[in-house]
């Protein structure tokens, strides 16, 4: 059975559009809900092609969730928990064999607003001082473009240390999205910042924030956010009125597009809320993680070649237009390879540019045998993910490890200093020396000292030989009698 979701935006260029779209003013950006339309001209009926994309949707309906360690969910064996703010209030029971008392992972994605609240809950910190570490991985098996803030709602106190990570290659490699701590310097040796500290030039920086890690004194505020729209606003303005500016940046800057694109998210819970400077070792049932809701709003990435996405056999895929095909509409259909595949473009607003795959030209094609000249057949360069830096492993203690001499090695020749920071060699920077310093400099990494490999042009003699051979073959073909 095929489930269609996020088929098309229904808003038009009218006042109805303004009512339907609460976030983005209608006059400021294109909807990209239509891939093609029929137009009439002196030459008759034809198609007008436009860039298009699916409507944003709640992507938690289509994910797979995994927990590590697998037995970290409470209830087996049954356990009783105490309130963080009152160690004598111990009436929270978890029992996996009883539906009313069980707290499985699926309850992080069910309907909010139920009474009583449903939530996933971990085991308690009964093995203290051993760290209480939990990885929650959300996988879509599909590239997703984020459109709204990622929001986690905790039923327990918010963690004192946490990392949100992303993957662009289906979980093979990970990079941090944001660090969260009550004390960023102490936990991650990072200066505390907020999204308001970012600029257009530093938007891709990975920051540590203390805004979402306060203890039980702020128990009425249970959310932890990764701010997507505030980052959009750095280009589009505070009310996102200038979406053309953002779309122009997304069109021309691959790293910016990749920053808002994911295949997987990973929530790394590193230290639970303790509400005090010292852990009460006599009542460890007060310390645990509990999450009632996770919100991830986004759309299927279809490279602006589809306005709908299909969920079939537990897999998402784009319903491609513009003579494209593939899960992300990432290549031209067979017999439509008259021009090289290209993603659509948001510009010019409001219709964008479709970059349609055209019919393959049929006719005699004369190709010189260049293999005899020693010219190797070219292969498409492998696609490289935005970041292949390994995840930063952090310990659930007062001071978390950033590096060590075993699994968490500093990259590119860096050395680990006291397990708290990497001493990077010249030319590299980042938490694990994973970034080239030239990436943040004017002109990028194309300079002579950047270490960027340069393409070697073919020699003059080889070009001349190819031209002579091609000319000889063309003359030979012209001299042959035509075959009907």
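Heads up, the Cβ atoms here are built off N, Cα and C, so glycines get one too.
What you are looking at is a predicted structure, and each value in this text was computed from that prediction instead of being measured.
What TrEMBL records for 1-19 is signal peptide.
Annotated domain 'Laminin N-terminal' per TrEMBL: 48-299, in sequence order. For the domain 'Laminin N-terminal' (48-299), the mean pLDDT of the prediction comes to 92.
Under the heading domain 'EGF-like', TrEMBL lists 399-434.
Feature annotation from TrEMBL assigns disulfide bond to 424-433. Sequence-distant neighbours of residue 433 (disulfide bond) (same chain, six or more apart, CB under 8 Å from its CB) are 410, 411, 412, 413, 414, 422, 424, 425, listed in sequence order.
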Around the Cβ of residue 424 (disulfide bond), the count of other Cβ atoms that are within 10 Å: 21
